[in-house]
């Protein structure tokens, strides 16, 4: 007799509880860019990825409203059937121009972009070389590809080169890395990585989910931040970025050489086997690109707030690695401490999520502090004061 489904998953959930690893959803409504209502209570949030505070921007809301009035609220089909509207076409052209690459392809989600593109680019018999701290969607894309996978230590260029040399017999070699690592906030050394790919005849696939809109001239992302030459970008590099973080809306795009993008149109299963995103989303994103470029004060405020936060965290007993992005980790070690400090902040009306394994390695549970241009200096000071009070409180 097969095991009872309730017993199987009830026991598995109980094991998660024992390890302090069960996650819980909260019912959240945005009040403004920095404040949310979570489980009916207002809280100052350092939890999301709305880095520029654009999710509530009037221009984006109005663009979405007009898009819905013109196109309706659904795409109705795959982009290869009848789900590719004039709004989607215009967005892709504007995204390509924005990042300085020849062509772009819009996906309904960042996870879908990576899970579909990577298996379209490499397959069994190819080599895929991945940073140890890459996001789960890059890891899953690598697994789905069935390429021979090598994982190199985080940002270790010497190890990356050894992996490239070891894979020289492969038909294709693809190096995959986040541009900004989502749980640490540090940057991948893209110029050096691209140089290694040039030297060893490999391609570089970059996920700029947390750099797009925040880094670079006019918010153009990590390629602009590192001043990667345009010719190198189009010949070796495949660029991906999400549009639900700094851009404030939803979806993702991949940009690169025209032949690469056309290949993804034909072979990325998450692109053509899914209904397209609503055209109203594309219109909101077109408005977002204009705001990202024109309202540079948002990036300037982020930089100022990051400096202020670093000064406040220096007074705490826990490590806070230097960050060049809108993400600031506070390393607490064990799951119990991370949950205790999160609860102490929550009691003060501040929401900062505790991040635990398997999202981060064992023994590195942390608070992931996400900054937004919607925050104020007083918000940062309030967070630092609450953390200092929590650090002085003995464990229960």
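Each Cβ is built from the backbone N, Cα and C atoms, and glycine gets one as well.
Counting every protein chain shown, the number of other Cβ atoms lying within 10 Å of the Cβ of residue 23 (substrate binding site) is 9. Per Swiss-Prot, the feature substrate binding site maps to 23, 135, 359.
Secondary structure at residue 111 (pyridoxal 5'-phosphate binding site), taken from DSSP and collapsed to helix, strand or coil, is helix. The number of other CB atoms found within 10 A of the CB of residue 111 (pyridoxal 5'-phosphate binding site), across every protein chain shown, is 18. Per Swiss-Prot, pyridoxal 5'-phosphate binding site is recorded for 110, 111, 182, 210, 242.
Residues annotated as N6-(pyridoxal phosphate)lysine in Swiss-Prot: 245. On its own chain, residue 245 (N6-(pyridoxal phosphate)lysine) has 49, 50, 51, 209, 210, 212, 213 as residues at least 6 apart in sequence with a Cβ closer than 8 Å to its own Cβ.
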At its widest, how many Å does the recorded substrate site span between Cα atoms of 23, 135, 359?
18
Quick one: of the binding-site residues 23, 135, 359, which has its CA closest to the CA of residue 182 (pyridoxal 5'-phosphate binding site)?
135
Which of 135, 210, the listed binding-site residues, has fewest other Cβ atoms within 10 Å
135
Same-chain residues at least 6 positions away from residue 359 (substrate binding site) with a Cβ under 8 Å from its Cβ, in sequence order, are 136, 183
